[in-house]
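Written below as structure tokens is the structure these notes are about.
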Amino acid sequence: MTTFIAYGNINDTYPLDSIPRELLIEKLRQPQSSNQRVQKRHRCRWVAHFLLWQLLKISQKPTALLKHIDYSQSGRPQLPVHDVDFNISHSGDWVAVILRVNTQGDSIVGIDIESPQKERDYPALLAYFASPSEQAWFTQQQEKEKSFYLSWCLREAVLKSQGVGIVKLSAVQHDPLLRQIQSQHCPAGQLVFSHRLPFYLAFFINQTQCLDVHYFTWQRGILAETTLHDAIYYKVNEKT
């Protein structure tokens, strides 16, 4: 039961042509647009596909799985096997991919990254989805941005594990003091949050035992293994 996470900046150079053409999804074959936002989204897809391809090789799973990516009814990309799952997130110029291999059952993962481009009205946003106790906790925190994106990213990661949109943010109950999360929109597992990367990161894994996670970053033309410092760990849907 091993999990792999890779991230990279879309402005870096990637040998995208090295991906066999038969492993490209239809969205990557679409003609280029003159619209800059569309171009950036297209670049994010390419980088995400490249990182997923790399992680499949690292995990020793067949890269031919890329040919069979399909979409759930909610639009979540998925593989046609139960023991391998992946999820993708991008924000600003950053892309992150999570891949989990579980030889003992189903793999379910979700990931969210946020690279803030501007300061927001955090209390007003929290009022839409956080409980009064969580909002009270937030007012006592010194690092407002970090605290807000902890509350936001963990919800997104949990919901993305099932392909559920942010309309259900308020359906995720977050106890920052006990470090527990409850939601009917995901199975039991663990969530990890970090603020030590060039972006905020949260990911969910449907595993209650000790996690085995390997982190990689694309830099200078190689996918280099790295470490995650000062991570915060949560129990998700823990039985009492």
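Quick reminder: no glycine exception, Cβ is built from N, Cα and C everywhere.
Pulled from Swiss-Prot:
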type	residues	note
BINDING	D112, E114, E156	Mg(2+) binding site
> From the centroid of the CB atoms of D112, E114, E156, the recorded Mg(2+) site, which same-chain residues not already listed sit within 8 A by their CB, in sequence order?
Replying inline: S89, S91, I111, I113, Y149, W152, C153, R155, A157, Y200, A202
> By a simple count, how many Cβ atoms lie within 10 Å of the Cβ of E114 (Mg(2+) binding site), its own Cβ left out?
Replying inline: 19
> Counting other CB atoms within 10 A of each CB, which of the binding-site residues D112, E156 comes out lowest?
Replying inline: E156
